[in-house]
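**Q** Per TrEMBL, substrate binding site is recorded for 59, 116, 117, 118, 158, 175, 176, 253, 254. The Fe cation binding site annotation in TrEMBL covers 129, 154, 155, 227, 253, 286.
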């Protein structure tokens, strides 16, 4: 079964092309990740590549491929079933943190059992994506250790797909997120599918502000349920000492209508605007760095274990 991950912008040192049987050689860094210099500028800083791992443009949901059919069906179900009432129910249930007790690293390892059907750009193991995202950030922002750890843990909420966490369907765990309780913005991916959402015809929810007010703050906005919101709840409930920008990134990294299109800015407060700057930095590493890079897990593990110990308790309630 194919496993999926969003990866870093580095290509492996010995990447074998199965068709041409050609080997490409690139340098290895001190952190245990091999770097493709084509993904860097002259200053050694990550540069957004032009294409995803399939050679296509990023986030292209219109291509007629088998992968795209899976992605479109996931969003069809999400857009129909993600309602204001559904999210309230999910937050109440999962906010009890009574599913599992385990460490952050144990959760990282669990994630390799997860399949994500929402990504049109790549299909690789989840733990690879976590480490690659974190290592890319670590390279460009060496002094922001909280951001390195955020890269590692941002997708851990995808364990919601596993039986021990309730075995939620894909549409309730992965994919782009968007606000409920107000009108659906046209920047939401596959926006036309939202016509089948019951909230779309509810006069309480289908206006610009809906149940909210100008500048109310995103913390007061009900977002579609998924791994983002769940991991945010886990971090808060377990009293992490990560800064607010990290929690903002965890909760809204799939909120592309906001950090890519600028939608729903009328609901943001001053703190949201400050944290959005960090989310936009993070998004570059989370999304646009997809390749077939490999990470030496054992080499980087001690560093991330030290960060986990710094910002989290040894065992967390999930």
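We count from 1, first residue shown onward.
The backbone N, Cα and C atoms fix where each Cβ goes, and this holds for glycine too.
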**Q** Sequence order is fine: just name those binding-site residues in 129, 227, 253, 286 with a Cα within 10 angstroms of residue 158 (substrate binding site).
**A** 227
**Q** Going by Cα-Cα distance, pick out whichever of the binding-site residues 129, 155, 253, 286 is nearest to residue 176 (substrate binding site).
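**A** Answer for the nearest of the binding-site residues: 253.
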**Q** Test of understanding: give the count of other CB atoms lying within 10 angstroms of the CB of residue 117 (substrate binding site).
**A** 21
**Q** I'm trying to understand the geometry here, so how far is the Cα atom of residue 286 (Fe cation binding site) from the Cα atom of residue 254 (substrate binding site), in Å to the nearest whole number?
**A** 10
**Q** Taking just the CA atoms, what is the gap between residue 117 (substrate binding site) and residue 155 (Fe cation binding site) in Å?
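**A** Counting only the Cα atoms, the answer is 14 Å.
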**Q** Using Cβ-Cβ distances, find the residues under 8 Å from residue 253 (Fe cation binding site) that belong to the same chain and are at least 6 apart in sequence, listing them in sequence order.
**A** 154, 228, 279, 282, 283, 286
**Q** Cα-Cα separation of residue 155 (Fe cation binding site) and residue 254 (substrate binding site), in Å?
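**A** On Cα coordinates alone, these residues lie 10 Å apart.
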